[in-house]
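Record features, source Swiss-Prot:
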TRANSMEM  21-41  transmembrane segment
TRANSMEM  50-70  transmembrane segment
TRANSMEM  75-95  transmembrane segment
TRANSMEM  101-121  transmembrane segment
TRANSMEM  122-142  transmembrane segment
TRANSMEM  158-178  transmembrane segment
TRANSMEM  186-206  transmembrane segment
TRANSMEM  229-249  transmembrane segment
TRANSMEM  262-282  transmembrane segment
Amino acid sequence: MVVPALIYMFFNYDKPGLIKGWAIPIATDTAFVLGILSFFSRHISLELQAFIIGFTLIDDAFALIILALFYTKTINTPALLISSVIIFILFILNYRQVKQLFYYIIVGLLLWISMVESGIHGTLCGAIIALFIPVNIKGEFNTSFKKLENLTRPFVNYFILPLFVFMNSGILLEYFVFKGTCSNSILALVYGIIFGLFVGKQLGIMLFSYPFVKFKLCNLPSDTSWLKFYSISILGGIGFTLSLFIGSITFESSCPSNSMRAAVIIGSLISALFGVAVLKYCTSKE
């Protein structure tokens, strides 16, 4: 997350109107990365799968936190206090190991309303609710949790995610050709996002992982070479939906907004194609 943000800032440090987009390339689209890796499932060990899910979810969680902390324009203090009380109620439900989903749905709906009214983006609400739904109750797996997952997964995969992509990637093809006075003034925005996603993500993951393995603080996942691990780090540059979402909140005027969308799509596609090519090469040798 740090390296993509720094690369974006390098291109835009002297542009006050554009520097605020530093959070756009930090996110990883978990759904798209896992979708691509599903085609290579036979060659991806369980340990590597756990690492992939872990770093993509952590990326998304921090992106939501950054969204709440740095992209909130005004704070409604009374509504924020109400949100805090509702979160405490969720804590009590979890502590008492209440497994009925009805209570979490009702309390979650109230939390969403209060958070939106407080000025904090409502997307953070879903992450908070998920933290408090108990997975294990008295040492046994919570079947209600599994039912909720099974109930929402088709709806999310086949309706919410495609709709989200469609609504957030509404750009004209002409914006893929960066020309004209508008484009010239924000070319640094485009470079910052593309290089942040494609170069920043892989560089960040490798720079933070290699020293830990080198000094034996941790090990590579089983059946994983450095080249295969590198291919996963490249796929981390698929920002797509969450990057588009952060960008749409950051830039409201049409010129930077459309250029931002084109840059996110280009950076994500380059990361996907190059990552798949390297991963395909690795698996062909096995």
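Every residue gets a Cβ built from N, Cα and C, even glycine.
If one looks beyond the transmembrane segment (21-41) by at least 6 residues along the same chain, the residues whose Cβ comes under 8 Å of a Cβ in the stretch are 1, 4-5, 7-9, 12, 49, 52-53, 55-57, 59-60, 62-63, 66-67, 70-71, 157, 161, 189, 192-193, 196-197, 200-201, 235-243, 246-247, 250-251, 256, 260, 264, 267-268, 272, 275-276, 279-280, 283.
Of the Cβ pairs linking the transmembrane segment (186-206) with the transmembrane segment (262-282) and spaced 6 or more residues apart, 3 or more are under 8 Å, so the two regions touch. Long-range contacts of the transmembrane segment (75-95) within the same chain: residues 103-104, 107-108, 110-111, 114-115, 117-120, 128-129, 132-134, each at least 6 residues beyond the stretch ends and with a Cβ under 8 Å from a Cβ of the stretch.
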